[in-house]
Each structure stands twice: as C-alpha cells, then as structure tokens.
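**Q** Okay, these came from Swiss-Prot:
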type	residues	note
BINDING	Cys64, Cys67, Cys70, Cys114	[4Fe-4S] cluster 1 binding site
BINDING	Cys74, Cys104, Cys107, Cys110	[4Fe-4S] cluster 2 binding site
DOMAIN	55-84	domain '4Fe-4S ferredoxin-type 1'
DOMAIN	95-124	domain '4Fe-4S ferredoxin-type 2'
Amino acid sequence: MGTFFQKIADYSKDAVSAGKYLLQGLAVTFDHMRRRPITVQYPYEKLIPSERYRGRIHYEFDKCIACEVCVRVCPINLPVVDWVMNKETKKKELRNYSIDFGVCIFCGNCVEYCPTNCLSMTEEYELAAFDRHSLNFDNVALGRLPTSVTSDPSVMPLRELGYLPEGVMDPHELPKDSSRAGKLPIEIMDWMKNKESNKSEDNNLDININSLKVEKDSK
C-alpha cells in the first residue's frame, strides 16, 4: 500500500516538474512573440553595412608604387605583386596585382598601412561563387567601382537593423510604431531639394526687401 502511494507521489512530483518546464518554454515563446521581426528576406531585403564595414577591397592601379607593404603586413602574405625593375628609371614597374578573396580574412591591414591609399575597403559582402578560383581578383577586378546596397532599387534596405537611435542597444526595445532610424537615399534627396528651394525663396525674399529699401531711400 505504501509503495502505491509512493508511486503516486513520485508521479505527481514529475508532473509538476514537467508543467514547470513547459511553462518556462512557453514564457520564452510568448516573450519572442512580442518582439520586432528580425528575419531578413534576402536577397530582396538587405542590411545596410556599418560606416566602417570591411568588405571587398578596392584597388587603384595608378596609385600603387609596388612597395609590397601590403604583403608584409598581411597575416597570410596574401597580396601578389608582380613587378619588374626599370633599368633606365631605376624604379619598379607594376605589372599585375591580385588578391584571393577565398583566403582573405578582411582584417584591413593592407588598407591601413598602404602609403599611397591605393587600397580601400568597400561595403560589398556578396562574394560567393561556384568556383573558388573566380575569387582570385586581379587588378582589373579589384579596380571595379564598388556597388552600394542602397543604390539597388530592387532592394529594400533594413535601416532599423543597421542603425539604432542614440541610447538604444537592443532593437527589440523599439516600439512597433516607431519610425525607422536613418533615411533612404530618395528621402535624403527630397529633403535636400526642399532645403534648396526654401533657401532660394529666402534669398528672393531678402532681395525683394533690399530692393524696397533702396527704392524707399531713393525717394
């Protein structure tokens, strides 16, 4: 008889414990239900990279002096600088420059220590390819002008996940009806146009006032 009641007590204890853990899981679920959605519908939606994002490296052939500083400061000696010595001018002549982005860790040392600023970091991060050999960019591919996420009209950049208002550290703390942080390029252009038009109207008003003053003084 005592064994029967002991089994009932153990079963009740396990049931209470299971219910407790179930409620804890539901509490986490309900907490996430009240949060803002963070799913990015890539590639139709993209995050705006930060201002100092280290993306694809941009290279300017005309500025390079083949000093190979980028090779020495690279942790894996990645950049390949092909040059020959000109016996007449006794200077290096650059033939080719390449970086393999399949191996690059995007540390930015080459950009930081370049004496002529021929290297710069862009905000391009879509470098995936089917063939890893296609990730070996030569000076022509590196010299291609970088593309911006905000310049693609088919993409809606998610500003609230890229920049948060001052003092906000968690994007889930923002109310659902709050305005997004930052502005789209189109909104910035409209704002600049309105500002210029208002400025021109103010200038015209000042000119009219000054002309009236001159006429009054002449009379």
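Note: Cβ is positioned from N, Cα and C throughout, glycine not excepted.
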**Q** Within the same chain, where does the domain '4Fe-4S ferredoxin-type 2' (95-124) have neighbours whose Cβ lies under 8 angstroms from its own Cβ atoms, ignoring anything closer than 6 residues to its ends? I mean 6 or more beyond.
**A** 49, 52-65, 67, 69-70, 73-76, 78-84, 132, 135-139, 142, 146-149
**Q** Excluding the flanking five residues on each side, which residues at least 6 beyond the ends of the domain '4Fe-4S ferredoxin-type 1' (55-84) place their CB within less than 8 Å of a CB in that stretch?
**A** 49, 92-101, 103-107, 109-125, 127, 139, 142-146
**Q** Can you break down the domain '4Fe-4S ferredoxin-type 1' (55-84) into helix, strand and coil residue counts using DSSP?
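**A** Once the DSSP states are binned, the domain '4Fe-4S ferredoxin-type 1' (55-84) shows 8 helix, 8 strand, 14 coil.
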**Q** Considering only the binding-site residues Cys64, Cys67, Cys70, Cys114, which residue has the minimal Cα-Cα separation from Cys104 ([4Fe-4S] cluster 2 binding site)?
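**A** Smallest Cα separation from Cys104 ([4Fe-4S] cluster 2 binding site) among Cys64, Cys67, Cys70, Cys114: Cys70.
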**Q** Under 8 Å Cβ to Cβ from Cys74 ([4Fe-4S] cluster 2 binding site), same chain, six or more residues apart: give me those in sequence order, or none if nothing qualifies.
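**A** Spatial neighbours, sequence-distant, of Cys74 ([4Fe-4S] cluster 2 binding site): Cys107, Asn109, Cys110.
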**Q** Check each residue in the chain of Cys64 ([4Fe-4S] cluster 1 binding site) that is at least six apart in sequence and keep those whose C-beta is under 8 Å from its C-beta; list them in sequence order.
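**A** The answer is Leu94, Tyr97, Thr116, Cys118.
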**Q** By a 10 A CB contact count over all chains shown, which of the binding-site residues listed here is most packed: Cys67, Cys70, Cys104, Cys110, Cys114?
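**A** Its Cβ has the most other Cβ atoms within 10 Å: Cys70.
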**Q** Just give the helix, strand and coil counts over the domain '4Fe-4S ferredoxin-type 2' (95-124), going by DSSP.
**A** 5 helix, 9 strand, 16 coil
**Q** Test of understanding: give the count of other CB atoms lying within 10 angstroms of the CB of Cys107 ([4Fe-4S] cluster 2 binding site).
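**A** I get 14 for this one.
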